[in-house]
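Features as listed in TrEMBL:
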type: ACT_SITE; residues: His200; note: active site, tele-phosphohistidine intermediate
type: ACT_SITE; residues: Cys500; note: active site, proton donor
type: BINDING; residues: Glu429, Asp453; note: Mg(2+) binding site
type: DOMAIN; residues: 19-137; note: domain 'Phosphotransferase system enzyme I N-terminal'
type: DOMAIN; residues: 165-235; note: domain 'PEP-utilising enzyme mobile'
type: DOMAIN; residues: 264-536; note: domain 'PEP-utilising enzyme C-terminal'
Amino acid sequence: MKVYMNNAGPTNGQSRALQGIAVVPGVVNGSVAWFRHGPELPRRGYRVKVADRPAELERFHDALDDVATGLREQADRLTGVTADVIRSSVYLVTDRGWVGPAERDITAGMTAETATGHQIGRFIELLERRGGFAAERTADLRDIRDRIARRLQGIDEPSLPKLTPSSILVADELAPADIAAIDPNSIGAIATIRGGLTGHIAIVARQLGIPYVTGVMDLTVLSEGTSALLDGVRGLVIANPPTSVVAQRLASDERHREQVETWSGPAQTRDKVPVSLLANVQDENTIDEARHTMVDGVGLFRTELCFINRSVEPSVDEQASIYEKVFRAFGNRVTIRTLDSGSDKPLKFAHTGREENPALGMRGVRIGLQNEDLLIRQLDAIAEGARRAGLSDDTAPRVMAPMISRVSEARHFAAMVRERGLIPGIVVEVPATAIMAEMFMREVDFCSIGTNDLIQYTMAADRLSADLFELTDPWQPAGLRLINSVIEAAKKCGKSVSICGESASDPYLAQVFVGMGVDALSMAPNAVPEVGVVLEKWDMHHYQELAQEVLKAEGAHHARRIAADYFAQLKEDEGAVGELSEEMTG
């Protein structure tokens, strides 16, 4: 039976594969359970009489207190990063950035509902303009807005549909609080239209181990109760899947799960060529998680996320204490990225100001070079943290700058880093840097490719826009060609090169990157065993040949098809029982 790809219109009982973006791996066969937040909440009249405004303001504050208390109590019942995510929502409820203006609106005569919708709406628009990490918080804000509005109007919170271990929870968008309390054993998988790889819903789904696919634009064609198979490795939702496809993929997933659960490293190809797998970390929790995973070190320490809620710049001593912890855990096997503030991760103490197009404005190293004292203090703190951890010039850690776009910037940054006995590098995430990679590599000792931004800038498309997910698909050949050219330039200059974007955790793209010649892949710690298992399946020369074939693709779907057909042919040639050539693409 043929599986039709992304045709328009309802499924009408016909098998149909819907492509999305894989977030949490796993294969689940079950039925669709829709979660709908309900119709738009009604609004009370715009004007409030002067005499009633103090009571309206009190009603507003009572609603905030109740919502914050409810979220705080939910967080207290949870553990780990899931609890932290819910607690971050509490801060959004009481954030003076919108609460203050809302209070002024109410004092001027707006109803509490109207003021809440107006001011949180302004916040949402601001974050959407910033894109990236900031835009992924808009789901949290919409959830907070609706919770406050429901509390004001005495409407109960919408409840999740009745779920079973085979339920595939489907929604336009989910907030962390929607699923945080779900028993992972009572649900099969999650699929959404809107979402992101690094948003809070993705973080919660990863911790709970719930297979998750987002960016599935055609989800609305699925009816309640539709039979479906979700593939969280390949980013697919298959409606009315053929029995043969279900049996094959579930059996394959079960074998794969057993391999992942028992994988203990080291990462290598089938013919024993080593591949370094590193962890992306951002705080003490992720550092601790990485320590208990079979990683070779830290490939990306996102330092700005340690200070994202700080209004005052942390002192050199305070910063050094944080860096010391990661150095003590991993020695010099650590790559620190200097503050990637601005745009989607604004830091109050960086004073970037308002920009019409922040994604293309003052962010990353541009802020550090404009406000050089800020960068100097961070580099001093990194050097001090290394000294406290007992690292010397012979065991110096690596430091890289984000958003480098001019050779002169790389040269100047490298000099500052070397003055402190550290090893300088750059993040390649601007197409101009990728195009001129060889010149940049003469100035630094290593580079790491930030695939998330590199692809969105190459394709001129916001990677968090649900309408543009196809353009920002990490399999886009234009992005892959740039990545390949950067790797070739680094090799030519005798410098090391790694991948630190989210696509490094895609097991199949990892095979392509290894074939291109990358030295290391850096990813979320819990993605390491999955990638390690997949890399062991074939020899290095297979991956090299695969990479060259994928680079000939004309589009993202074509690239996936080339990879699927390549592996299917390998299995056939080696006499193995092959999976369908639709394995990766439906």
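Cβ atoms here come from the backbone N, Cα and C positions, even for glycine.
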Original post:
His200 (active site, tele-phosphohistidine intermediate) has how many other Cβ neighbours within 10 Å of its own Cβ?
Top reply: 26
Original post:
Under DSSP, is Cys500 (active site, proton donor) helix, strand or coil?
Top reply: coil
Subject >> Residues in the domain 'Phosphotransferase system enzyme I N-terminal' (19-137) grouped by DSSP into helix, strand and remaining coil >> reply: 76 helix, 13 strand, 30 coil
**OP:** Ten-angstrom check, please: count other Cβ atoms within 10 Å of the Cβ of Asp453 (Mg(2+) binding site), all chains counted.
**Re:** 26
